[in-house]
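Over in TrEMBL, the protein carries these features:
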{"type": "BINDING", "residues": "His65, His66, Asp104, His235, Glu239", "note": "divalent metal cation binding site"}
{"type": "COMPBIAS", "residues": "286-312", "note": "compositional bias 'Low complexity'"}
{"type": "COMPBIAS", "residues": "313-325", "note": "compositional bias 'Polar residues'"}
{"type": "REGION", "residues": "279-325", "note": "region 'Disordered'"}
Amino acid sequence: MPTLSDVIDVLEALWPPQRAEQWDAVGLVCGEPDAEVTRVLFAVDPVQEVAEEAVRIGANLLVTHHPLYLRGTTTVAADSFKGRVVHTLIKNDVALHVAHTNADTADPGVSDALAGALDLEVTGPLVPDPTDPAGRRGLGRVCELRQPITLREFADLAARALPRTATGIRVAGDPDQVLRTVAVSGGSGDSLFDQVRAAGVDAFLTADLRHHPASEAQQAGRFRDGRPSLVDAAHWATEWPWCEQAAAQLDEISDRHGWALRTHVSRQVTDPWTVHAHAEADEPAEPTAAPSPAAHSAAAPSPAAPSPAAHEQTSVPTSSPGAPS
Ligand SMILES: [Zn+2]
């Protein structure tokens, strides 16, 4: 059986820490270098539920995409949620290793896994790493669809192929626009609009798009050809496919070394959003249990200002993500 330092060596060969952004905090967070590793759990977020899952399945190593501590800290006391995670892990002999922006830019990286889940053909990085002579590493990926589909169909594909979350998929653009090329970037991608425009793709799928960058990208697109349309998925869902890719990479290395490691991927939805409610514009008003005064007035209720309570639709994620294709 390998020691933790043996496994960390191969993880750092896959995702060299020196390729992480300056501001990032990657690598080993806790763990005994000489301890044996038999079972590894991969997850996006180092949250308490995931730490407990690692303990429950008997993992000796938890590998997460997001850092537990991004900035300096002076305490890991268990009276904070991060300190509680550290205590849960150390008390149960579980090491924690983080591969964040060094996994984003890797070949294959986080956005390759995202493109793979969507069955897209990657043609190259969106922001190439200048130190890679092969031109394969870097942030985001530019992709071709295997056949042209509409923006609406692409959004449906993303909803089916990515793990289900309460947020679902949001789209900015003409639903009937035909797409041939798409840029994807796992996680927050609204700093990449300049590169997306330069790539000349039909659409951009990422997460955490904010009002102003999205609105300005849409307005600027109208002066040209409407491109790129935007497809916004849940941050966690865009990065979760990397966990399966990473586990498969470690499986392959384990087989080669005869390590017989058991690898697992957490299927807990750790996206922070739990409910998505919205009113359908064309949905007729339904009677409520406690009608509002407006419902009794002689005037017809204004369709522009329906009672939100009468139209609320609520969707709650399943406890486990759907299998990416
Ligand atoms: Zn992320």
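The backbone N, Cα and C atoms fix where each Cβ goes, glycine too.
Projection of TrEMBL feature records onto the structure.
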residue	record	Cβ contacts under 8 Å, 6 or more apart
His65	divalent metal cation binding site	Ala43, Val44, Asp45, Val98, Ala99, His100, Ala103, Val110, Glu239, Trp242, Cys243
His66	divalent metal cation binding site	Val44, Asp45, Pro46, Val98, His100
Asp104	divalent metal cation binding site	Val110, Ser111, Leu139, Gly186, Gly187
His235	divalent metal cation binding site	Gly187, Ser188, Ala207, Asp208, Asp271
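In the shown protein chains, 26 other C-beta atoms lie within 10 A of the C-beta of Glu239 (divalent metal cation binding site).
For the recorded site, Asp104 (divalent metal cation binding site), the DSSP three-state label reads helix. Cβ proximity to the divalent metal cation site centre (mean Cβ of His65, His66, Asp104, His235, Glu239, cutoff 8 Å) flags the following additional same-chain residues: Val44, His100, Ala103, Val110, Gly186, Gly187, Trp236, Thr238, Trp242.
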